[in-house]
Number of protein chains: 2
Amino acid sequence: MSYDNLIEVTGRVNDLLNAGSVLSWDARTMMPKGGAETRSKQLATLAVAARNLLCSDETKRALDGAASDVANKADDSPEARIVAQVREAIDYHERIPTELLRRKTELGSSAHEVWAEAREKADFSLFAPALTTMVDINREMAQAIGFEDHPYDALMYRFEPGTTNAGLAKLFARLREGMIPLVRAIGEAEKPRSDFLFRDYPVDGQMEFALNMAKKIGYDTDRGRLDTTVHPFEVSFTRNDVRITTRVNRNYMPMSLFGALHEAGHAMYEQGVDPAYTRTPLATDLISLYAVGGVSFGAHESQSRLWENHVGRSRAFWNNHMDDIRDAYPGTLDDVSEEEFYRAVNRSEPSFVRVEADELTYDFHVMVRCELEAKMVDGSLDVADLPEAWNATMKEYLGVDVPDDGKEGVLQDVHWSSGQIGTFCNYTIGNIMAAQLFDTATAKNPGIQTALDGGDYTPLRTWLTDNVAQHGRRFSRDELLENATGRALDPEPYLAHLTRKYTDIYSLAAA
Amino acid sequence: MSYDNLIEVTGRVNDLLNAGSVLSWDARTMMPKGGAETRSKQLATLAVAARNLLCSDETKRALDGAASDVANKADDSPEARIVAQVREAIDYHERIPTELLRRKTELGSSAHEVWAEAREKADFSLFAPALTTMVDINREMAQAIGFEDHPYDALMYRFEPGTTNAGLAKLFARLREGMIPLVRAIGEAEKPRSDFLFRDYPVDGQMEFALNMAKKIGYDTDRGRLDTTVHPFEVSFTRNDVRITTRVNRNYMPMSLFGALHEAGHAMYEQGVDPAYTRTPLATDLISLYAVGGVSFGAHESQSRLWENHVGRSRAFWNNHMDDIRDAYPGTLDDVSEEEFYRAVNRSEPSFVRVEADELTYDFHVMVRCELEAKMVDGSLDVADLPEAWNATMKEYLGVDVPDDGKEGVLQDVHWSSGQIGTFCNYTIGNIMAAQLFDTATAKNPGIQTALDGGDYTPLRTWLTDNVAQHGRRFSRDELLENATGRALDPEPYLAHLTRKYTDIYSLAAA
């Protein structure tokens, strides 16, 4: 049957993409420095091989036959969706010249070392040539892919289909409207103490505690592992091997812990995809050419932010685990109450670094990046002028004076080094989705909140598996949201959550 | 130019094979157990993709053009050799049905877990079904590849071109003739003390010392790393990323140390290949479909055995490094002299386990395996009868009574689990080549031995790089030997070395 042939050949596309993911994981966790140059060629070859196999006559023949095989299936059946998605992906990739893909992938890998050095030395000029090439390649890609309104729309399509620059502007405006009053009020309120977060927390102990908490919320280490990297990430090589990393600062313990909870949230999405979808297009992003089961990068981020913020930074979580963390660091937290700890890990203050930003100010970091990316992509901002624009926009949105271009400045994020432009919106979309999903889950199922209050994460995880993870890429992000919550992307539960939480913690006057 | 196209497309074949190597390394060092099943599919897809790209119309077109491009080059020029090797490899692979390759690779990966469990439980029946399939697949492959005399010849061609079952029999007979009198005389001689090798050596300390010694002889960790595995191995992802593993027994320190020296010898072969050959067929075994620069598996083994035995187990080595090892394990070796240590690590005694066998009895383990493999392949030995035949042949050659089928019996080696049949001869060919090369290097260049006596490994490494490693796969194994030593494979220097060494250590009467 042609449909089976389609499953077989797309299974091989999935294998090639998963191989690329293993090579990327290795490059960021294990590889000696000598390996960087040829590794980038290997990654490029895998991406091109996957793309070529997807667009091969073999796949097209199988696809044409499969279309007849599934003609009497429902439009949203897994089979019909697979056929439609393969067709769409072939159409998408045939618009992008192979050479462009190869250059992008090669540069995306080799630029990582350059970026790491530039970041370390806080010297933007070292990275500027690679970034210029990267922006040019992305502009070429936007032209090849096509767009109606703004070239940035074409780039965001890879990661968050349906998102437009104009739509983002509206969403960001609504968020600012709700958040800025909170940020201002917090700036004038008394700060909770947080001195104890900066005490001496041994590195090995942090890794052990972070992994224990990730397992506690449901991360399955029989199908995963935790390592350390400069920039934390999650990556899957099918649902049965889903790895996470975190980073450790001996004198700032929350970094390793919340990094691990965040990445575990991502990981549980992949670990929860229907096993029947393994190696199929419903566990393969054939547009972005990543072998993932998550339906969009924003949907993925919703799961990491939900577990990190709605669970890990909740009062209930610390009521349940304060003794665990005291036991993990004997003598270090004896003078700290549950409530003090809860408030400390929710302290909000404008800062320089996105991955360390608190829940409330995080989205401003996203807005800065989306705005500057869109301008680089439409040509209204030169790469050479990026640091200046960065610093000015950070001042405007967060009121901070960026100290330099390195770890606390324009070079802080790994994304551009890997050739990704158009992904930052995913973080904010993830924040919004997380609140929307958590709100529905707990409102519709009071037992979920009761379980969380008692330190039992199974009911919430089950609801998320049933409503999000198991479906893999079968439904679009908005279909998924509508099925789960009754409506498309909606920022109101997120704003309500932030208002409720910070009004309480900082004893603000109710709006 | 067509030649450049040939280099480009074979470079991509090399990339795919190197990706497979990364996935194999990961599977044996880092992968959580859940990953095994899909990993085997991923490896199969990479192998088939590499084979298909090699045999593609694109490669053939480039090859035809390249043949004209290099028509006026010398027959042994790198360019002419590349063209000839690609042509030979296409011819070879087109004889093997793709489905057979896919089945072999898939099984080779999934059978690893089965083998590991069977070995752990010493239960051959668990592994027998997989091995039966593996033998059948190998027999089919031998028929497809073709042979003149014995099907085992066709299988050995993959790893050690030119080796025949008949030729091996002659070589083994000559070795037995020289070795058996030594083994007998040692059996009657007084044994050197070795109690101190079984003391308590902390695991971390062993890994540190093993790595330090590997670096001392010339292993470059900027282009490599050391990890622990059940079965030690070396693997390269181009000359710039060449990794080794070893295994650690807290109460038997030589295992980690000589394992690391052995694998470092392999690694220095790959690290020493001419950089100009990177990603070309001169650093890609297009027959066995491994991305290696070594010209044959036996040639590779010559480098590991040379560094392990001729250097690491030499009197000079321990005269130079006895203080280092005393410092590495404070208080543990204070009562042991250089000479006692040297004798202990050269103690010879028939044993059960190949990878722990001493230099003198090692080849008997090889003979057992080659003999049994040949019989399974020609159908004169059923897999079901293998354990019995194993135990009987071990008794005949080594005089030992194998205790069970697990770690000390027929299941001890990883090779069959990965589908490799026909590789064991490589170890003995490596032993022979190691002695032949070491003999020539030191006889022709007295400065090399003087340097070794002073703990300086650079002149020997330089000679080996110049005469072996740098050439990658440009010359055949016998061309390489003739260029370096003036003659083809010759067991006499090896027998002379063993006789000299063991006569001295055991104070045997001169023959």
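Residue numbering: from 1, along the chain as shown.
Heads up, the Cβ atoms here are built off N, Cα and C, so glycines get one too.
Here is what TrEMBL records for this protein:
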- A:E263: active site, proton donor/acceptor (ACT_SITE)
- A:H262, A:H266, A:E301: Zn(2+) binding site (BINDING)
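The number of other CB atoms found within 10 A of the CB of A:H262 (Zn(2+) binding site), across every protein chain shown, is 26.
Other residues of the same chain near the Zn(2+) site, with their Cβ within 8 Å of the Cβ centroid of A:H262, A:H266, A:E301, are A:E234, A:E263, A:G265, A:H300, A:Q303, A:S304, A:R305, A:W307, A:E308, A:G430. When secondary structure is read from DSSP and collapsed to three states, A:E301 (Zn(2+) binding site) falls in the helix class.
Spacing of the residue listed as 'active site, proton donor/acceptor' relative to A:E301 (Zn(2+) binding site) is 9 Å (Cα to Cα, whole number). In the three-state DSSP reading, A:H266 (Zn(2+) binding site) counts as helix. Counting only same-chain residues six or more apart in sequence, the Cβ atoms lying under 8 angstroms from the Cβ of A:E301 (Zn(2+) binding site) belong to A:H266, A:N426, A:Y427, A:I429, A:G430, A:N431, A:M433, A:A434.
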